[in-house]
Amino acid sequence: MALLNGLAADEESSAVLHEPLLLRRSRSNTTSQIAIVGSNPCPIESLDYEFSAAFVVFATSNLGLTLSASLITAFIAPEAAGSGIPEVKAYLNGVDAPAIFSFRTLLVKIVGSILAVSSSLNIGKAGPMVHTGACIAAIMGQGGSKKFRLTWKWLQVFKNDRDRRDLVTCGSAAGIAAAFRAPVGGVLFALEEMASWWRSALLWRAFFTTAVVAIVLRALVDVCLRGECGLFGKGGLIMYDVTSENISYHLSDVPPVLLLAVIGGILGSVYNHLLNKLLQIYNLINRKGTAYKIILACVISISTSCLLFGLPWIASCRPCPSDTSEPCPTIGRSGNYKKFQCPPGYYNDLASLFFNTNDDAIKNLFSKDTDTEFHRTSMLLFFATCFLLSTFSYGIVVPAGLFVPVIVTGAAYGRLVGMCVGSTNLNHGLFAVLGSASLLGGSMRMTVSLCVIILELTDNLLLLPLIMIVLLISKTVADVFNGNIYDLIMTLKGFPYLEAHAEPYMRQLTVGDVVTGPLQIFHGIEKVGNIVHVLKTTGHNGFPVVDEPPLSSSPVLFGLIVRAHLITLLKKKSFLTTPTLLGSDAFSQFSADDFAKKGLDHGDQIGDIELSEEELDMFVDLHPFTNTSPYTVVETMSLSKALILFREVGLRHLLVIPKVSGRVPVVGILTRHDFMPNHILNLHPRLLRSRWRRLRFPLPRLS
């Protein structure tokens, strides 16, 4: 798993955003002239560059890569679209969405993310890497893929819900470790953001996984350092060196940092709000059909190409620094001083950021001793463009992450703040690091894991106190307005995610206040036709089984049976002609594998089973296949206590029994949907005005 994560990380980081290669000089002799660009006079040569042809090649190649990624995603594995972190986080909370960890999804996620990252879209690789690691882990926990004939018997030992959940948690940690070369940050990310249940054994397992990832990455980096990788990934475990020999800061440097953190928190909440609204619009478009999904992706690709190619013409040409360690200007696929339309000895600072990989752009912004390399106008344009493109690019039908675009946007914001503040003990590169931390904290709402990831990226412990303060302040400010970006995406996708805490108004309610009907109940010996009718007309997954006379003296709750087991009974056609008990012969036609979870796909459906009229009039004894010890609560129990029980035990169904005997033995059944705030507030609108609701200021609506 770590090896595949490492290879995918290196392949994605190697996707180079090529500068147009057709910018070549005409054979005719030309003269030089002076042109005024912006407010600065800069000499440019009146050369007959084929900029139109260069733009066509640039836009066409980007469109082709985007189209390829969207086609394989839309037609082969729609579950691979987007980041994947919300799906993995929901799974670890108990929401098992179909096909999110299938082998088909894994292949499309890897190939699609490489194509999408290479297509100049302002998207990242961290989210797809997390999903990739989780897919590999889930397939291992399932024993392999029977559909593709990739199974291993020795993996059958992990074929249970707890081990599969632990493996997925370790896989998500490995994804972050591979994407950012941050092994400790990966463990803390899985602990802080992904896992809903954590235990000490899982800690060392996740740590071991990320340690293996670090070793594999180190080996691959060594191969690349020997020049055996060509254009593929370079650098060590420390990706961005921002260390300065004489770095120091004083109390007078703290106020600008605090202001940066507050504004970063506001920007992060605005970013989440804007992305949430755009995703709602994208959902309306995507529901119209696959063709609309692909057209939307192509429109975003063409718009991105136009912005990336057109905006550098606004920027001014800057003279090459005399102390640079690389050629300036550089023309081609690598280099941090892009010439674009500038004459020899000059470079275009905005083109140097646009026509580069996200990793190299971050390196340019984080680098020390680069205070004079970027103009304030160029940095403002770069920040605004990244902010908008990162929101518009996420949500199209390609694998796309949010981590790296937020880091790039935050780095531009931080460097812009450093330019506005002026002379301080902190250089612009350090302001860029703090800006990334503030926007990450305002959008992702993580603290410890982000702090460690940034430290592992930059290898600068002297910034630790400032990074901690920035993350805490930006998160606190952003929490006033809305939730973190992954929670908002989960809500849009309809995942009923259970928070670790109960909302204050839940203390005023009992479980009986949220139970809704009608309740579908099966008898201990049930008619086949009734079972088929209930399964076809309802979407419930759990059904109480009740015994009535003559099987018992009074109605009594026998247990709970789930939909998957009922479908198995119907599929095997273990029917009775008369309503009698099966006894010890119940399992003669069944094995344990018949009732095991059916892989990572949709499983058997009731519509796939064909039954004759004669079979529909027969009976099934449900007693041997019923869970006789389901969790139950009295109808007067506090809803907040029931939520804690439901979440901590990891339940799917919670039966509600009456307080007074003599009534029906079960009055309802609670699922995670019954604990959702929207469901509760729809049932009890008066709670909307309750003073016990959490204080939160809504952002203004978009017209």
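Yeah, the Cβs are placed from backbone N, Cα and C, and that goes for glycine too.
These come from TrEMBL:
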- 626-686: domain 'CBS' (DOMAIN)
- 202-221: transmembrane segment (TRANSMEM)
- 254-274: transmembrane segment (TRANSMEM)
- 294-315: transmembrane segment (TRANSMEM)
- 380-408: transmembrane segment (TRANSMEM)
- 429-455: transmembrane segment (TRANSMEM)
- 461-481: transmembrane segment (TRANSMEM)
Task: For the transmembrane segment (294-315): best-contacting stretch of 254-274, 380-408, 429-455, by Cβ pairs under 8 Å - done: 380-408
- [ ] Residue list, the transmembrane segment (254-274) vs rest of chain: Cβ under 8 Å, 6 or more residues beyond ends.
- [x] 387, 390-391, 406, 409-410, 413-414, 417, 421, 424, 426, 431, 434-435, 437-444, 466, 469-471, 473-478, 480-485, 488, 699, 702
- [ ] May I ask for the residues of the chain that lie six or more residues beyond the transmembrane segment (380-408) and have a Cβ under 8 Å from a Cβ within it?
- [x] 66, 69-70, 73-74, 78, 80-85, 108-109, 112-113, 115-116, 121-129, 131, 179, 267, 271, 274-275, 278-279, 282, 286, 293-294, 296-297, 300, 303-304, 307, 311, 314-315, 350, 353-354, 358-359, 361-362, 365, 416, 436, 439-440, 443-444, 485
- [ ] Could you tell me how many residues in the domain 'CBS' (626-686) are helical, how many are strand and how many are coil under DSSP?
- [x] 24 helix, 12 strand, 25 coil
